[in-house]
Amino acid sequence: MTSRNSKNQRPPLEKWYPYILFAFIGYCVADLGILAYRDKMLPQSAPPSHPKSSQFEAGVSRGAYNSITSRNIFASSGVIPDALVDKSKGAEAQREADPVPSQLPLNLIGTLVHSNPEKSLAAIEIRGKQGVVSYSPGKQIEGMAEIMKVERQKVVFRNLNSNRLEYIEMKKEGGKVAFGAGKSTGDSGKEVQKVSDNNFVIKRADLLKYTNDLSSILMQARAVPNREPGTGNINGFRILDMQPGSIYEQLGIQRMDVIKSVDGTPVDSPAKAMELYNTLKNSPKVTLQVERNGKNETMTYNIQ
C-alpha cells in the first residue's frame, strides 16, 4: 500500500516546468531578434563635430601676464649665473696649478734623483746664508717652502706663504763639463794635476765648472752605500764604476774605493755627501779619507 502511493506522488517542482520552459523560449527569441536587428540599431554615420570654443583664448592677451612678469617671482635677471662649485675645490685647483718660477731666495746647487722619489735629494743654498743643505721630498726649507718633487736639475716645492706650487732650476753655466767628448792631449788638458802619490792640485776655476753642474758629475760614476758588517750602519760610499777620464779618475779615485770622510767629517748619508761636495767651492785644501783594498789612505787636494 505504501509503495503504490510513492509511485503516484509528483515531483515538488513539476508545476513550475511550463513557466521555466516559456521563459527559456522567450530568452532565445529575444536573443535572435537582437541579432537580426543589431545592424539597423547601430548609427550609420559619425556624429557631428563640436569645435572647441576659442572664446577664452581670444579673450586673453599677452598683456594679461605682465603682472606676473613684473613681479619677477623667481628673481630672474635674465643672466645665466656661474656654475655652482665648491669653493674649497676651487682653492684646491689653484693650489695644484702648474708650478711657476719661484722668487724665494733659494739657489739649487744639485740634485740626486733616486728610483724611489721619496729618496731623491736636492742640495739647496739659501741666499745670504753660508752653507748648502740637502732636502728630500716632504722636508721644509726654513719655513719658506715644502719640497714636493725632485727632478734632474729642478726642484718643485710649495710656497708656504702663497700655498702655490713653484720651482727652481740649476743655473745653466756656459762652460759645462762634458765627458767623453774627446780625449785630452797631454797633462795640460787635465783639470787635476797629480803632484805625488795621493797629492793633487786643482785650479779653482776648473773646480767651479764641476760644482756648478753637480747633477752631471753624479752621472759619471756609480756609487752605493757601504755598510759595516754586523751593525749595518753606513760608513761611506763605494765607487762601483766610473767613466774613463772622468773627474773621479783624475782625482785619483779607483773602482771599489770606499769614500769614508771629507776633511774628517764622516760621509754616512747621501745628503751629507752632497753637502760636503759643495764645501769644495770655498776650501783651499780638501782631504779625502779612502778605504782601498782594506787599507785607509788619505787623498789631499790643494785648490789654487
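Even glycines carry a Cβ here, placed using N, Cα and C.
Here TrEMBL flags 16-37 as transmembrane segment.
Mean pLDDT of the predicted structure over the domain 'Type II secretion system protein GspC N-terminal' (87-159): 82. As annotated by TrEMBL, domain 'Type II secretion system protein GspC N-terminal' applies to 87-159.
Per TrEMBL, the feature domain 'PDZ' maps to 243-300.
Counted with DSSP, the domain 'Type II secretion system protein GspC N-terminal' (87-159) comes out as 12 helix, 34 strand, 27 coil.
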